[in-house]
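These features come from TrEMBL:
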BINDING   534, 537, 574, 577  Zn(2+) 1 binding site
BINDING   543, 546, 561, 564  Zn(2+) 2 binding site
DOMAIN    301-467  domain 'Helicase ATP-binding'
DOMAIN    569-752  domain 'Helicase C-terminal'
Ligand SMILES: Nc1ncnc2c1ncn2[C@@H]1O[C@H](COP(=O)(O)OP(=O)(O)OP(=O)(O)O)[C@@H](O)[C@H]1O
Ligand SMILES: [Zn+2]
Ligand SMILES: [Zn+2]
């Protein structure tokens, strides 16, 4: 008998390897690499994924258990995704099962059994259908599969595999074709959505005849029948809509049904979250000269169907989206599919509309605001070959396409591409790997590329990958980038203005009100109230060793560095200027909104932040209101900075540009530059010229200066120098190791132990040493120090940061030492988490 190697879903580390299982004869044809199966494990039955198959005579191996069930007709994972999972487990030091689970929609993670029923597509299969090359050699009708399913209504996987052990290929084919459909068990709330439809039960001619027979009392029935006759070409229609249009009751329908004129059916529908919304069809725009050059270059690679990574650096409004659309078209024309990754908060209906408008229902949308059921439907559309394009947040990188030709990562610099829970993967890096595996092209697009990507493109140093740099320095519509004024808020205070609005921003807001133009106001809330700043001179307490700001800890009333552990008492007066106006910096959107109300009576403000956008669809509602000019000001957090393209926005105001600068994060300057550039890019995108007012307490900071002159290159040059001097990415890579335990003394000992072991091993391997040295292979360790969140849910936390570069296996080392420590102490309470290439050092 054949053997399947299975990764089982058992949450302990010792099971993080494939286990062998016999494949029973009856399941032989059903099991593929990527199949989800139920297998006996110890005394239980657990879920697992088949990662490889071995044929041969293994029947005699004692103790080898057999696979019990196949859980889905079509394997939810492809061999390609299984391979990607393998790579992820090494790259991110995570368990293989957690990498594989991350690729599936939540609906598939449950234990619910899949049921098979008849689909909407009828009859036998057309062998000439090119999209389905795996035409089975047996006729489903002859085998009696359709009959069997029809007779039983819904059948379980088990019934089907047991009754038709030989028909695996045929059944899978029928499923891909839509003759059969797979769903969750009825108990499962996320089951497929049913829709009642109405249609004629008799032909049109007889229906017309019937019309004469209605008495005055049944005028409503007559009306319904007339309507259906008129609509004959597009029947069946959703019952609910018919009821609404005709304003008739369910009783009328019932009566007509009893007369045998009409038929009510229940059909299963994909819950298309964008159904009922009109997407304006859009045609490809004639490209500008700049766009054309970029497009031609990428198209060449798409045509060759080879792997290449492009870094598309295009200023805000340069028309990157149009490039994406035309490249996708090119790829789809060749019968290959495309994935577009968009940061969660930029995945607005406006964004989706641009893709649906071009590619219609061939677009599947995947993001977290969809319900579990909706996400499952979108995912099935992809797996069953009914979609050619997937647009989605982070996890869409795992869209189960069979023949992926292009992956686009829009706003590639966004830190939300990094998943903060296990597996802690970065979708951009996974995208590059997936494309490499499958011979696909990648476009990383941004107006402010991450330093990692940009450095890789310029220096061709392939820490992650080496992209080809493509640039679009001007806006597609030919207009200028907006003029940016930086206002020094220290001067405002000096001159007696204690308001959160500078005089300049105040005047500019008034002007927009008068001209009936719109304003976007950004409040950068990231990092508020964690740092201490002097409002008189702008002084911010920083670490003498690390060149990053210190974080205020209220319990101990001191300031601490989260990298090296340096601590000092919190100052009562400013050590720079002696002022008492030194305090934690904090202001919320709500306060800004109140202030606007006081200063500008009658101003219509839409506030968009986590509080006002939790409800489903609220994000969209607010943006539509703004687009329809129902408001003068759109006030919000980071959410307002991305992707918006509104013609009447001529002013962008940034309330405090510095707040993110002072986070204990070596990327603070980069993130500030990116945010300012992005939000400034919302102004004056169409006919009207734009203006930006940036309020700052540190206007001399290079991130603010360069953002105000739209000078990405100068910013990068300066920032790279800092990174190089302090040994931060892209000049090395980081691994953040966090240890946690309920007892502080135990944790301290273990954290010390971990650090010593890393250093010892690295020394043995001749890796250890300062990154200052010229050698290409080097590893350094910072810490252990208390984590920025030193106690979480009753557990103490300590962290080490491993800095490394070169071809050494630092990730393997970090993991090996962690596992050895776990094994030696046998303390179940100890937890060690490894974050490779962390985005947040917290
Ligand atoms: N070739 C073209 N001809 C005419 N208009 C174009 C063309 N390309 C893009 N545009 C228009 O220019 C505007 C900006 O384009 P788009 O939003 O794609 O830019 P972007 O580079 O994605 O910007 P951002 O990074 O700011 O989101 C849009 O209104 C778009 O419709
Ligand atoms: Zn001061
Ligand atoms: Zn420090």
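Placement of Cβ uses the backbone N, Cα and C atoms for every residue, glycine included.
Model, not experiment: these values are computed from the prediction.
Within the group of binding-site residues (534, 543, 574, 577), the Cβ with the highest number of other Cβ atoms inside 10 Å belongs to 534. For the binding-site residues listed here (537, 561), the lowest count of other CB atoms within 10 A around the CB belongs to 537. Secondary structure from DSSP puts residue 577 (Zn(2+) 1 binding site) in coil. Separating the Cα atoms of residue 577 (Zn(2+) 1 binding site) and residue 543 (Zn(2+) 2 binding site) is a whole-number distance of 18 Å. The separation of residue 561 (Zn(2+) 2 binding site) from residue 537 (Zn(2+) 1 binding site), Cα to Cα, is 22 Å.
If you take the Cα of residue 561 (Zn(2+) 2 binding site) and the Cα of residue 534 (Zn(2+) 1 binding site), they are about 18 angstrom apart, rounded to a whole number. Candidate binding-site residues: 534, 543, 561, 577. Those with a Cβ under 6 Å from ligand 3, in sequence order, are 543, 561.
Residue 534 (Zn(2+) 1 binding site) and residue 543 (Zn(2+) 2 binding site) have their C-alpha atoms 16 Å apart, to the nearest angstrom.
Regional average pLDDT for the domain 'Helicase ATP-binding' (301-467) in the model is 90.
Cβ proximity to the Zn(2+) 1 site centre (mean Cβ of 534, 537, 574, 577, cutoff 8 Å) flags the following additional same-chain residues: 535, 536, 538, 539, 575, 576, 578, 579, 581, 582.
It is 16 Å from the Cα atom of residue 543 (Zn(2+) 2 binding site) to that of residue 574 (Zn(2+) 1 binding site).
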